[in-house]
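For 120, the entry in Swiss-Prot reads N-acetylneuraminate binding site, with the evidence type similarity to another entry. Annotation comment: Swiss-Prot describes 37-174, 42-102, 165-216, 259-306, 363-408 as disulfide bond, evidence class sequence analysis. Marked as domain 'Ig-like V-type' by Swiss-Prot: 19-122. What Swiss-Prot records for 147-232 is domain 'Ig-like C2-type 1'. According to Swiss-Prot, the domain 'Ig-like C2-type 2' annotation covers 238-322. Marked as domain 'Ig-like C2-type 3' by Swiss-Prot: 327-424. If you look up Swiss-Prot, you'll see 43, 78, 338, 347 marked as N-linked glycosylation site, on the strength of sequence analysis. According to Swiss-Prot, the feature signal peptide maps to 1-16, an assignment based on sequence analysis. Positions annotated as topological domain 'Extracellular' by Swiss-Prot: 17-434. Positions annotated as topological domain 'Cytoplasmic' by Swiss-Prot: 456-481. Positions annotated as transmembrane segment by Swiss-Prot: 435-455.
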C-alpha cells in the first residue's frame, strides 16, 4: 500500500502549508469490489482571490505521486488536459469545482487502480492548490457478493411463477450489470441477457423440473467479472406416483415420520432428505425408525426417503413434503426513471415522484403455494402491466392524478397481506415562479392600500356633509326666533 506521507513531497514544501481558507472533505478510504462502480463524494472550498463568477474553475484528480505540473490526471473537467490512458472513460469528475463539488465516479474498478488519490483546483491567476493532506485511498477488493434470488419455496406444476434476481450494489451514474438465466426449466429464449439492476423471470414449471437448478448470472462491464446464485427448484407432485407419497402440512405443525420394514435378517433403516442422510438405525436395534419435525419450517420441504437394506436386497419409499404458509415479508421494489438505485419499500412508505417520470413497482413475497398478487389504486383495481406477472405494475408516465395510495394485495388460503405506498406527485417549478408570486403579492398589497385610502376619503366626505347640514339647521332656527 502506498502510504499517504509519500504524497506530500510532490509539490514541494510550499504546498504543505495548511491554509484554512482551503478545505476539502472526502472519505478517507473508499472500498469497491473489482469490476464494479463507486461514487466518491467530495466537497471543497477555496478563497475568492483573483477570480469572479465568470472565471472557469478546473478540477483534477491525480493518482499517487503524480506531479500536477507534468503528470496526467486520472480525471478532469479541463478539456485541454490529457487524462491517463489507464483511467480514460472509467474515471469521471462529475462534481463542479466552481460550485464546491469535487465528486468522482469510478467505473469498472481494477486491481491496479488501488492507490491514493488527491485533488487539485485551479481558478483564475491565484487559486492553484493541491489538497495533498486530504487524499483518499481506493481499496479494490475481490468480488464475493452474490445476487439475491426470490422464489417460492414450492412450485406448482403447470402454474406460472415469477422469480426475481437482485444485485444490491447500485449507484447513480453507474452502469447497470447484465442479467441472464440458465436452467433446465427454461427454454433458450429465456436466457437472453437484459441490462438493469434486477431481473424478473416468469416461467411455468413441470413435474420434470423438480430438483433441477436455476441460476441467475450477473455480468459486469469487465470481462471475467461476474457473480451468480443457484437455487434448486422444488416442484410439488400432484398425485401418487409409484412409491412417492405427497403430503401437505402447515408451517409450525408437529410432524413425525415413521419408517418400518419386515425382513430377515433385520434391515438397516435410514431417513434421507434429498441426498443427505438425516438418521439411521442398526440391524440389531428397533424395527422402526422415527423422524420428528417439532415445528416444520419452509426449509423442511422436500423429498424424504425411507430406505431399508440388508444383505439380500433393499427397498425404499419416498414422501414429498410441502410446507404450506401464508405470505411473509411482503414488500415492493421500486425502480424510478433516471435513478438506477433499486429501493425496497415497506408498508406505509411515502414516495415522492416527479410528474412525467416513469415508475416500475414489483410486489414480492414468500408463500406456499404462491399467493395471488393484485394492485389497487385507492378503491380501484389496477390491471397488471404484464398478465403473466400480476405483481408488476408499470407507470410509463406519472401524472398529477396518480397521487394517492397504491396497494399490493397478496391473497392466500392461509391468510393475506397487503403493503401500501403513498404517492406524492410534484411538478418541476420554473425559475420565474418566485418572481411571479412576489409581483402578484405586491400588486395585491397596492390594491388593498388604495381601497383603504378611498374608504377613508369617503368617510371624511360624509362627515363634512353632515356637519354642513347641521350648521344650516341651526341658522334656520336662529332666523325663526
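In case you wondered, yes, glycine gets a Cβ from its N, Cα and C as well.
Feature annotations (Swiss-Prot) mapped to structure.
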residue: 37; record: disulfide bond; DSSP class: coil
residue: 42; record: disulfide bond; DSSP class: strand
residue: 120; record: N-acetylneuraminate binding site; DSSP class: strand
residue: 165; record: disulfide bond; DSSP class: strand
residue: 174; record: disulfide bond; DSSP class: coil
residue: 216; record: disulfide bond; DSSP class: strand
residue: 259; record: disulfide bond; DSSP class: strand
residue: 306; record: disulfide bond; DSSP class: strand
residue: 363; record: disulfide bond; DSSP class: strand
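Assigned with DSSP, the residues of the domain 'Ig-like C2-type 1' (147-232) fall into helix, strand and coil as follows: 7 helix, 38 strand, 41 coil. Around the Cβ of residue 43 (N-linked glycosylation site), the number of neighbouring Cβ atoms within 10 Å comes to 14. Computed over the domain 'Ig-like C2-type 2' (238-322), the whole-number mean pLDDT of the model equals 83. In terms of DSSP helix, strand and coil, the domain 'Ig-like C2-type 3' (327-424) has 3 helix, 60 strand, 35 coil. In the structure as shown, the Cβ atom of residue 306 (disulfide bond) sits within 10 Å of 21 other Cβ atoms. The disulfide-bonded residues in question are 37, 174, 259, and the one with the fewest Cβ neighbours inside 10 Å is 174. Here residue 363 (disulfide bond) is positioned 13 angstrom away from residue 165 (disulfide bond), judged by their C-alpha atoms. Cα-Cα distance from residue 408 (disulfide bond) to residue 347 (N-linked glycosylation site): 10 Å (rounded to the nearest whole number). Note on proximity: of the recorded positions 43, 102, 347, 363, the one nearest residue 216 (disulfide bond) is 363, by Cα distance.
Of the candidate recorded positions, 78, 259, 306, 363, the one lying closest to residue 37 (disulfide bond) when CA atoms are compared is 78. Across the structure, residue 43 (N-linked glycosylation site) and residue 120 (N-acetylneuraminate binding site) place their CA atoms 12 angstrom apart. Listed in sequence order, the residues of the same chain lying 6 or more apart from residue 78 (N-linked glycosylation site) and placing their CB within less than 8 Å of its CB are 58, 59, 60, 122. Closest by Cα distance to residue 259 (disulfide bond), from the recorded positions 174, 347, 363, is 363.
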